[in-house]
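Chemist: So TrEMBL has the following annotated:
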- 12-34: transmembrane segment (TRANSMEM)
- 54-79: transmembrane segment (TRANSMEM)
- 91-110: transmembrane segment (TRANSMEM)
- 122-141: transmembrane segment (TRANSMEM)
- 302-328: transmembrane segment (TRANSMEM)
- 334-358: transmembrane segment (TRANSMEM)
- 424-443: transmembrane segment (TRANSMEM)
Amino acid sequence: MENSGSKKRSAAVRDFFTSAKCLIYLIHAFSTWGDRMWHFAVAVFLVELYGNSLLLTAVYGLVVAGSVLLLGAIIGDWVDKNSRLKVAQTSLIVQNCSVILCGIIFMVVFHFQDHLKELYNGWLIACYVLVITFANIANLASTATSITIQRDWIVVVAGEDRSKLADMNATVRIIDQLTNILAPMLVGQIMAFGSHLIGCGFISGWNLCSMCLEYCLLWKVYQKTPALAIKGGQKVEDQELMQLNCQKEPESSQKLSESSQLMNEVVQVKAESRKKAGCWYQMTEPFRTFRDGWVAYYNQSIFLAGMGLAFLYMTVLGFDCITTGYAYTQGLNGFILSLLMGASAISGICGTVAFTWIRKKCGLIRTGFISGLWSFDLSVTQLIQENVIESERGIINGVQNSMNYLLDLLHFIMVILAPNPEAFGLLVILSVSFVAMGHLMYFRFAYKSLGSRLFLCCSPEHKTGTRDPSLPTAV
C-alpha cells in the first residue's frame, strides 16, 4: 500500500512538471529573469555613460514608450493574424538577439570609451543611437511575447476554468516578483564586485542560453496543448478554406475535384481583390489597423478598467529606469539598488498572494476595487482575458499596452523637462495624483458593472464558482 501511494505521488509530481502549465511557468521564469537583469542594468549603464545625468535614460524611455504607443495595435494585430507558435518563436528570437547586440555594444563602449572620444566623438554618439535602437526593438518583441504568452497561451491552457486562470495569472506574477528580487541582486553584485564590462557579458550570455531553452519549451507546450493550433483570429480566406475542409468527405472523385476547384477559386478571388486595391491601400493598412484597434478598445466593456490601469504608469514611484537612475545619482551602488528593488518585489508578492484569496471571497471586480496595486493589476488583466473575444485578444492587449506606454511616455517627458535630481520631489507629487485618478476610473467601471452591489462583501462568483454574471461581456 505504501509503495502504491508513493508511486502515485511520484507520478503526480512527474505529471505536473511535464504539464503545459508548468512549462509555461518555466518559459516565463527564464524570460523574465533575462528581462529583469537587462532593465536594471540598462538604466545604470546609460547613467554611467552620460556623466551621472538622467537625460539619456529619459530619451531611451521616451523612444521605447513612443514606439509601443504607435505600434502596439499593429503588433497585436500581427499576433492575431499569425499562428501562436510562429508569433512566440519569432518574438523570442528577435528580443534576445537584440539584447545580445546591445550587450556587445556596451562592452565595446566601456572598453574603448576613451579611445572613441579621442578618435571621433561621433562614434560615441553612434553607439548611443545603436544601443537605444536595439533596446527599443527588444522591447517591441517583448511586448509581442507578453501578449501571446501571458494574454493568450495562458487562457488557452487554462481552458474554461476561471479559477485555474486566476491561479496561473497569480503564479506568473509571483515569478515576476521573485525574478525582480533575485535577478537584479545577481547582476548588481557582478557590477559592484566585478565591472560593468563583466555585467554586460553575463547578460548577453544569459540571453543566448535562455533563448535556446525557451525555444524548445515553447515547442513542447504547443505539442501538449492541441487547442493552441486553433485560432479564432485567422485571415478571412483561411477561415473560408477551413470551412470547406470541415465539410463532409465527397462521396466520389468528381465531388473531390469540385471541392478543390472551389478552394482555388476562393484564393484567386482574394488575390485579385488585393491587386485591385492597389499600392495605396497596402501602404495605409497600418494606419487603418491602428485606428480600428483603438476604436475596438474604446468599445470594450472593460475600457474604463484598462484606463485605470494605464494611469498607474504615469508614476516615478516604481523601480523603473528613472527611479533607478535617480537613486544611482544619489550615491547608491548596484548592490544597494538591487536590495531596494527586492524589498519592493516582496510587497508585490504579498499583494499577489492576497489577490487569489480576496478574489475567492469578494469576486474579481471587487478585488480590483478594494485591494492594493498588485491585486489591482491582476484584476484588470483577468477582466481583459475573460471578456475580450479570441479574435481580438491580440489587438486589444496591444492597444492596452499602447495606453500604458502613453502615460509612461508622459512621465518620461516630465523627466526630460526636469532632468535634475533636485526636481524629483515634484515628479513624486504628480505621480500620486495620477495614481488617484486611475483608481477613480476603476471605481467608475466597478460601480457601472455592479451598482450598489459593489459594496457587498460576498459576490455571486464566490457562491457559484463562475464568473460574476453582472459583468458586461464583449460582443
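Glycine is treated like the rest: Cβ placed from N, Cα and C.
A TrEMBL annotation is a machine prediction, not a hand-curated record.
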Chemist: Name the range, of those listed as 54-79, 91-110, 122-141, 424-443, that has the largest tally of Cβ pairs under 8 Å with the transmembrane segment (12-34).
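Modeler: Out of the listed stretches, 91-110 contacts the transmembrane segment (12-34) most.
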Chemist: Sort out the residues at least 6 away from either end of the transmembrane segment (122-141), same chain, that have Cβ-Cβ distances under 8 Å to it, and list them.
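Modeler: Distant Cβ neighbours of the transmembrane segment (122-141) are 38, 42, 46, 49, 56, 59-60, 63-64, 67-68, 71, 75, 91-92, 94-96, 98-99, 101-102, 105-106, 108-109, 113, 116.
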Chemist: Grab the same-chain neighbours of the transmembrane segment (54-79) for me: Cβ-Cβ under 8 Å, and only residues 6 or more beyond its ends, written as numbers and ranges.
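Modeler: 42-43, 46-47, 87, 128, 132, 135-136, 139-140, 143-144, 147-148, 152, 286, 289-290, 292-294, 320-322, 325-326, 329, 393-402, 404-406, 408-409, 412-413, 415-416, 419, 421.
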